[in-house]
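Accompanying notes for the structure given below.
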Amino acid sequence: MQQGTLMRKVKSKSWKKQRFFKLQDDCMTIWYQSKRTGKIESAFSISDVETVREGHQSEVLQSLAEEFPPEHCFTIVFYGRRGNLDLIAGSAEEAQCWVQGLRQLIEPRSFPLTFALVSLTWIRDWFQKADKNKDGRMNFKEVQHLLKMMNVDMNEDHALQLFRDADKSESGTLEGEEFVLFYKALTQREEVLSLFQEFSEDGKKLTLLELVDFLREEQLEDEDTEEMAMELIDKYEPSETARTRHVLSADGFLMYLCSPEGSIFNPQHQVLWQDMNQPLCHYFISSSHNTYLIEDQLRGQSSIEGYIRALKRGCRCLEVDCWDGPNGEPMVYHGHTFTSKIPFREVVSTLGKYAFKKGRTLLPHPLLGAKGSWWCWPSAVQDPRVKQASWRSWAPQSASLSPIPQELKHKILLKGKKIGRLEDVLDGPADEMPDVSDDDNGAEAEEERRRAKVVLDDAPSTQHSSALQKDKETLAQALSDCVIYCKNVSFRGFQEARSHSRPSEISSLSEAKARKLIRDAGNEFVRHNAWQLTRIYPSGMRTDSSNYSPQEMWNVGCQIVALNFQTAGTEMDLCDGLFSQNGRCGYVLKPPFMRDEETLFNPSDPSSWEGPGPITLTIQVISGQQLPKVANSKDGAIIDPLVRVEIHGVPADQAHQETKYIENNGFNPRWDETLQFQLHVPELALVRFVVEDYDKTSRNDFVGQFTLAFANIKPGYRHIHLLSKDGTSIPPSSLFVHIRITE
């Protein structure tokens, strides 16, 4: 094991390279090097690993199933959009050693990522990066280099004084605990210590009553505060003596503020806390567009990873476009484009594994399968592979006028067109097109008409045997019968829908058509969405898989706002922010005034609705901690961070304000600036905190962000734990703020 384990790293059926993989002594870092050159090619942290899959559970490994047994194969899956690492071990024993070992390291229960552990891991990582000669010691020159890497621009005399104070052995180098002392001196939080001393009579500890006062006065905790204070001391006080005396030290106070209880996100809203017995149309539902694509819309790769990643983010509405493939096997891809293809059976198999599971968490509430296209004529419809795969997963249930999530647990609902028989394509005249819904307005409407023409041209002639024709009708009817709660219907106006549509039906609108309806008939749109589902999808012109703002669609109560999950940016930050609550189940209950079919609410004119009146959100941005460097920045470059707070909601609430930038300090910048916002409809507001690296000559660079619904904000002194552009955690980077909400 000194050299590491020799395994094959696989990128494709033809690209298989042997590499040595080794777990470092810190049990937190893995590197691998070329067998031929001995050069270390890459390294990654255990904290980057989301899960490990055994066997042929990737498309690449599935393509090698005949060459390598599943017992030798496994896949390392990373957080965010980083590509998976497919590996083939030399034996089943070696594969199991790595699989079980990695699972032990990433398993939260056996290796909890507490604040203290994150900090310790971070210290080790930096020590190893800065220890150039790998002798386990760090001289002052190496420390100076380390400070640059850590985003710290410090006066040399001050840095030297901290170095000498930590060098207890007077050896001229720091090692082990000495470096930890240096790090603690470097990360001294004056703003937190000042707050601690404000409530501590002796400045050294918080008694139980003093902690209760802090929780009530500043954190606005009003229930069982004494019991809560006891729990916080037991949980976060590092000194056993202090715990016995029921007091909290400054270190324990900091650990509490950096914990989930000290987060801006209300921990009570992180679990399933909303009523799940409302009609389906009363919820916002996390939804993806062309889920199978992980790149652009024209030439991008189709992959089951698209489905896996979306489901793991809590997505509950997926899209499947199914077409005839080689030998009559149904394939999923973006029709009439150059995207790659995946077998439909693999999609169904993937849904079977991941539809109701996110890691070790069960997601029991229903999954909607949006049958974007089903142009498999006629072979796919009669193919037993489709019959077996589809019918087993998408078995119809007895319909009710108002289906509710709680009653549809562990069910997959198929959204699509529904037929009595096959009259649209079999019995109609050759020049008659099947009904084209608003599923594909504009450019996509033309594409669907072209698809329909292909279907009609390829439909079987009357010379085929009547027995075969009947069989095809029966099978296609069986597929149609799976569409129960989400029958797709054309949208022909709100009055028409009110007169002829049912709650079990759904209309799909392009983003452009939805915007026009919002502009021309906002209140009618809200009322419509109080009793029927509406799906919004991106413009066909977004071939780069860019996204539109989902907020304007949520403002009128649209439930299924489909986004390209593969594209990072503000739009996906808003999506993740809205659906990070309620146990991340993918369903968020709409506010009461959006569930009332007679509501007067119009997002363009909040005054038309008798709401509770505007509230004031006051945010004091105090400080930042250990902010990451900008990707691909120059060696030694240090960021000039600023914080921008954005309000996304109804038009009257849309706003943003930002702090000044702090020059050359990404390690512990202090802003101490107050930003204030008025919210007219706080129930629909999302708050996005963005950290950027200021640049006076070009566009600012993204550093980190965190987005949450206003309803989930906890007032008081709070930490905001930043996320990367991909939506993954970047510990221990955070902001420290003070929040006040007044009417």
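Counting starts with 1 at the first residue shown.
Backbone N, Cα and C define each Cβ position, glycine as well.
What TrEMBL says about this protein:
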{"type": "DOMAIN", "residues": "1-107", "note": "domain 'PH'"}
{"type": "DOMAIN", "residues": "118-153", "note": "domain 'EF-hand'"}
{"type": "DOMAIN", "residues": "154-189", "note": "domain 'EF-hand'"}
{"type": "COMPBIAS", "residues": "426-446", "note": "compositional bias 'Acidic residues'"}
{"type": "REGION", "residues": "426-469", "note": "region 'Disordered'"}
{"type": "COMPBIAS", "residues": "447-456", "note": "compositional bias 'Basic and acidic residues'"}
{"type": "DOMAIN", "residues": "479-595", "note": "domain 'PI-PLC Y-box'"}
{"type": "DOMAIN", "residues": "595-724", "note": "domain 'C2'"}
| note | Secondary structure of the domain 'PH' (1-107) by DSSP, residue by residue, totals 26 helix, 42 strand, 39 coil
| request: Take the domain 'PI-PLC Y-box' (479-595) and average the pLDDT across it for me. | output: 94
| request: May I have the DSSP-based helix, strand and coil counts for the residues of the domain 'PI-PLC Y-box' (479-595)? | output: 48 helix, 21 strand, 48 coil
